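First comes the structure, then the notes that go with it.
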C-alpha cells in the first residue's frame, strides 16, 4: 500500500470506488434522460410546474433529446417510399429517354430493387431484410433459384442489344442478368453470382456454372462449397463477396470492366439501388474528374439515396414501371423471359456422379424436365422453412447476431 501511495498509483480500494462512481454517474444520466424524455412527450400545455422546472434544470439534455428526435425523423423520411404521380413520372421518363438517345457511353448500375418483382427481397425497403430485422421481425425465406429475370432485366438486355447500353454493373448475386441473356463481357457482378463456383488453385481460375445455388454451405470468410475441381482435385469455392470482404476474383466480379466502363461513361443510370454501398466505390463515379466532366446521373428508386442531390434526374417509381415506359418512348419491343432460351443451360457444367447429392437446392431446368432434375431429398421441405447458409442466409444470420447484441 505504501509503495502504491509513493508511486502515485491508486490503490485497489480507490480504483473500485472510482468505478462505482462512474457507474452511478451513468445511471444518474440515464435516469435524467428517461425523466426528461417522458416530460417532452407531453404537450406543452399539459406539463406541470414541476415538469417545466425539470426541463429548465436540464437544458442540455433537452437539446440532445431534440437533436436525436430530428435525426430519427430525417432517417424515417429517408426510409419512406415516394411515388411520383403518373403524369410526372411519364414526363421524367421522356427526359430519361432523351438522355439515353444522346448518350455516347451509357452504363447501368443495378441493385436489389430490380429483383423484387421476382419475389427476391431487397435489404433496405419497407419489407427489406435489414429493415425487418431491425424491427425485431422474422423474415420469410424461399429458394432464390426459383426466381426468373424480371421485365427490368429483359429491358436492360434489349438496351444493350440495341447498343444503347455499353455495360451493366450489378450488386446482385441472383444471376438474373446473366439468365436474361446479357453477354458476360458486358456485365460486372461485383458481389458474385450464386450459380458460379470456382477453383482458385487452377491457373487461370477455373469456373463451374451450376443450375442450383452453390452457396448452401458457405458464409462470411468460409467459401468452400464441398465439391472438388475435376482437374486438380482442390475444393471449389463460391464467388460471393459478403459484407466486410473484398472481392479479388476476376470473374464474375469483372472489376476491370466496371472501372473501364465508368471511366468512359457520360451517363449513368441507377436502377433499384440505395447506393449506400456503391457510393463507396470512387472509381465508379468519376470522382477523379472535375465536376463538370463527370457522367450525368439518373436514378430510379423509391427511397432516398445519398446521390440524389447530384442526380440530373430522380425518378420515384418501381423499376419495372419506369423501364416499361422508357422502352415505349424508345419504341423497343421487350421479349418475355423464355426459360428454354436461358443461357445458364449452355454454360452449366454437369455434376459428376459422386456429387449429385452434394446439395439440396432446387435445380433450374427446362419446364418439360423440371421435375426430373430436382434432387431427391426428404429434407427439402424443411429447408424451405428456414434460411440457412449462403449469400442471402448470411445476411440473415448477421442481422440476427446484431439484434441479440442490442438486447
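Glycine residues also receive a Cβ, built from the backbone N, Cα and C atoms like all the rest.
The active site, proton acceptor annotation in TrEMBL covers 191.
Of all Cβ atoms in the protein chains displayed, 17 besides its own lie within 10 Å of the Cβ of residue 229 (Zn(2+) binding site). According to TrEMBL, the Zn(2+) binding site annotation covers 199, 202, 229, 232.
As a whole-number mean, the pLDDT of the coiled coil (72-106) in this prediction is 91. Taken from TrEMBL, the feature coiled coil covers 72-106.
Sequence annotations record features per position, and here TrEMBL assigns domain 'Deacetylase sirtuin-type' to 86-333.
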Open item on the list: Quick test of the contact rule: Cβ under 8 Å, at least six residues beyond the ends. What residues does that give for the coiled coil (72-106)?
Closed with: 124-126, 131, 159, 164-166, 261, 264-269, 296, 298, 302-304, 312-313, 315-317, 321-322, 325-326, 329-330
- [ ] Sort out for me which one of 199, 202, 232 has the most neighbouring CB atoms within 10 A, since those are the binding-site residues we care about.
- [x] 199
